[in-house]
Amino acid sequence: MCYNVEFKPKTGDKWGTACTVKVPEATVPNLTPNEAYLFRVVAINEKGKSEPKDLGLPVVTKDVEIEPSVNLLFNTYSVKAGDDLTLEVPVRGRPKPVVSWKKDGLPLKQTSSLTILNTATSSKILIKEAKREHVGKYEITLANTAGTVTTDIGVVVLDKPGPPKAIKVDAVTSDSITLSWSPPEYDGGCSISNYIVEKRDTNTQEWQMVASNVARTCFKAGRLTHGAEYQFRIYAVNRYGKSTYLDSPGIVAQYNFKQPGPPSTPIVKLATKSYMLVTWNEPVVDGGSAVLGYHLERKERSSILWTKMNRGMIKDTEYKVNGIEEGMMYEFRVYAENIAGIGKCSKACEPVAARDPCDPPGTPVVTAITRTSVSLSWDKPEYDGGAKVSGYIIERRDLPEGRWTRCNFTNVPETHYDVTGLTENSKYDFRVIAKNAAGLFSEPSDNTGPITVKDDVDPPRIMMDVKFRETVFVKAGETLKINADLAGRPAPVVSWTKDGKEIELRARIQIVTTDTSTSVIVKDCIRRDSGQYALTLQNIAGAVTMPINCVIIDKPGPSAGPLQITGLTAEECTLSWGPPQEAGGADITHYVVEKRETSRLAWTLVKGDVTKTYFKVKGLQKGNEYIFRVLAVNKYGLGEALESDAVKVTDPYTIATAPAGVDVTAITGDSMTLTWCKPASDGGSPIIGYVIERREKTGMRWIRVNRDLVVECTTVATKLRKACEYDFRVYAENAAGLSPPSEPSATFRAMDPLVVPSRPTKPKIISSTKDSVSIVWKPPADDGGAPILGYSVEYRDYIRKPLEFTITGLKTDAKYEFCVKAINKVGSSARSPYSDGAAAMDRTAEPSFDVDIEMRKVLIVKHGTAFTLNVPFKGKPVPSVEWAKEGVDLKVRGTIESTDSSTSLTIEKSNRNDSGEYSVTIESPLGKATLPMVVKVLDSPGPPVNVKVSAVTRDSATLTWEAPENDGGDAVKAYHVEKREASKKWVKCATVRTMTHTIKSLREGAEYFFRVRAENHAGLSTTSSFTTAFFDITYHSAVLFYFTEAPEFDLTNYPKNTVYVKAGSDLTFEIPLTGRPMPKVTMSKNNVVIKGSKRLLTEVTPDSLIITLNESISSDAGKYEITASNAGGTTKIFIIFIVMDRPGPPIDEGEEQHPLAEGQ
């Protein structure tokens, strides 16, 4: 019997016979790789073939993969040191796996003692003469396409162990040393059985066995010599032998720690009249050894002897002291002790009285509640335990089952406290514990009971005095206090502001706030304290603000800057500024303008009563550099100065160019009419006029023609010599001066042109009667070069009377017109224009004065002379005349004469009382007219008025007075001051221009009389009577007395207390200084008083200090201190000298001695 194996591709239709076998197993060769085939088997015997049996599933022809695998009998191999070792690992897998080895994670390298052999079924490692370096974990990795497998194999070489590691000194005493170490990294393949410890004194080379069978890795070596240095050696031992040794460093046998530091200051936790409980804290430094215990000492406060309280060592940090006397004050101190001994004592506690503790505080009361806080208040304990209560501890607990916790972590000396950080809608319980100055605590107070935390709010309110609703006025230097009551729940937050900014607290500005009130206090008020103060209260219910306006009454501050300078020329400029921002609580009355040349230190008054915020300064010197300043004045005095920058006075323009085109357009026998063209350039300043010069052709000298400047480009040159030839030239003048002259004109001869005169003006009817008419006219503008011989009136052939004629023989009430002709030797002119029609009838005229401008000027006459006021007038009918002067009957004082056309007033022997306004009035039925005239009689002035003694010292008196009511027609130029003692003659003291004078060198305690008289150009006031000549002091006995006044400097004129001087120049400046008696002055620099200096000199006058520095050098620069002292006090100031010079060489560090201190 046999078997046929048939096959066909999965996609084919025909079966083929692959092979015939007799056993039930067959291999089909020669198939296509990766092709799917179907297989079936047919059994064959003698009778034939059976039905085929299909394999069922198609089979793909491909190689079979087997994942690598390792089958080890042992995972660890041991070998004795020096023996050989073979590691054989069977290898399985299809295809054949790739083998790789690692040792301790690193690729294994073959050496002379290690060889790797790989075969088809295994991999071997051959180790010759195994050593410690062969110990480790070997890793074999097999990998093929079916997978990767890794297996670890441990190799142990049995040998002596390695040396121990990391020796440490655990403890050192005076006779022992405790060591510890770590086991060897390599134990030789078996456990360490024991350790061997040896020692040697470092002074010898011999090692001694200390212990040969130490089981653990620590050892205490005893019986050592105190202070000796030892070295230790340790071996590890296993069953294969002893390792190499490990040596320790040198170790001295002595304690390596010190006595402990002092404990904390002890506290008497509880004090009664019979015992005290004392507690303390451990010392910060234990000296390197744990504290074994404590020793407590006490003494009475009045004693110096300390007594130990404990017999044995106190193990705890608390001790109960018995055996005390009631009422005595005790102090305690503590010592700590460790193995090295007893350390230093602590600080002694404050003395504590032996009394029973204080009573608990009163039950706390809730005063305010918010959603996160509760405000509590309570009463003090009824009994304080014999010492003042110094503070309180507030505790709380959460309800229902919370623990008591402390609320305050700082001392609370008050009997109220705000507990914060609470949870809204939670319930709490509170209590308070008192602590007195003896450091003793009371029992807790009674609890408040459950308190629910939630908002209990009331909007803030401000209650303030009604006077603060109006503006508050406070004088400078006084104290401003604004106070208000406040309310609100919770307690509102208080804030004070000024002009919208928070008030900064200073030494003179304080804000005091309590639960129910607040106030702001400003001491020594100054101008800038003026403004709007505002009080704001705020809590969770809202906010409220109350403004308070305050004005500080003082001198004004500086004017608003900058001080602008405009319109600058060589002689003047215009200053402008703004009103002061700080007016000092009063209106600015005026301004004071001052100037100073930069080369000078003193300020000069320009104008002392400027009412505008601008002023034109005149009289400046061209080329000089000036600084100006303005000071505002109110009724409280002179304010601070606003200074300008330095400005140099120069013209902003130049002279004009020369005029051109000078020509003569008209010529007469004594005059010529000139014309010219304006200059091409006016030099930046408008042309203000022209100057014309002439020169005779035969002469060389140019003569000015016009006295006043000619504004237009034409003029008439008069007073020429007839038939003489002239040249002319013209200068243009602007603010900078005269221009160069123009080119001279052509030469012209002064000759009259002989022509008919121009016609006269239109005649004017001035009067008429029943049979006549009077007419007037003005001469012609041009007489034709010949004098007017007469005029011809049309009614008559020839008129001899010039400019006026009365025509007679006319018919009454008939109307006539008139005209006039002028006649010279050449002939008659054309007729003048016809007059208006006029009837021959009587005429009337209103009264009027026929006076020129001279009559309206002030008439000045000298005392004792006569003067006459003559006034012509007109009017028909003739008006009546009346003269008048206030308070004077002129008919008696003078002589009045009047005619139909004029009136006059004559005054004989005039005096000062004749000065004033005179008026003359003329009146007729047609009207009335009045003419005022002013007469000034030059005479001696009247007496000064309001003479007063304003100040008196022991040797001087100061007089003040006012100008005379009548100055005699001329300004007072001086005042004469006289004095006399009782029963003595009058003696002249001084002649002054001001209305104040200080009379010095008087005798203390004496009585004096004083008088003053005025002087003008007419002479001195008379001395004949008390009322007209002198004013004696109303209190006839001015007794001199002495008073003191502390010295005071005025540095207003020295900004930043600084003066400047150029190196090599002299410097002299004056500082106003007041004080009675006259103060003594010293100067110092770098705390060295300057005495005997030949270059730095000081001079004290009654009202100033004059400092002179001669030949200044760079080392004179620096800060000088000036001290002035007298019986009234002492004052100090400093002045900085700046010497302007090239810089000197660098100097070494150290103090430089001032040359003036050496008496230079």
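Note that Cβ sites are derived from N, Cα and C of the backbone, with glycine treated the same way.
Annotations in TrEMBL come from automatic prediction, not curation.
For reference, TrEMBL has these:
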DOMAIN    1-64  domain 'Fibronectin type-III'
DOMAIN    68-156  domain 'Ig-like'
DOMAIN    163-260  domain 'Fibronectin type-III'
DOMAIN    262-357  domain 'Fibronectin type-III'
DOMAIN    360-456  domain 'Fibronectin type-III'
DOMAIN    460-549  domain 'Ig-like'
DOMAIN    559-653  domain 'Fibronectin type-III'
DOMAIN    658-753  domain 'Fibronectin type-III'
DOMAIN    759-847  domain 'Fibronectin type-III'
DOMAIN    847-936  domain 'Ig-like'
DOMAIN    943-1031  domain 'Fibronectin type-III'
(message) Please count the residues of the domain 'Fibronectin type-III' (559-653) that DSSP assigns to helix (H, G, I), strand (E, B) and coil.
(response) 0 helix, 51 strand, 44 coil
(message) Please count the residues of the domain 'Fibronectin type-III' (1-64) that DSSP assigns to helix (H, G, I), strand (E, B) and coil.
(response) 0 helix, 28 strand, 36 coil
(request) Express the predicted model's confidence over the domain 'Fibronectin type-III' (262-357) as a mean pLDDT, rounded to an integer. (result) 90
(message) For the domain 'Fibronectin type-III' (262-357), how many residues does DSSP put in helix, in strand and in coil?
(response) 0 helix, 43 strand, 53 coil
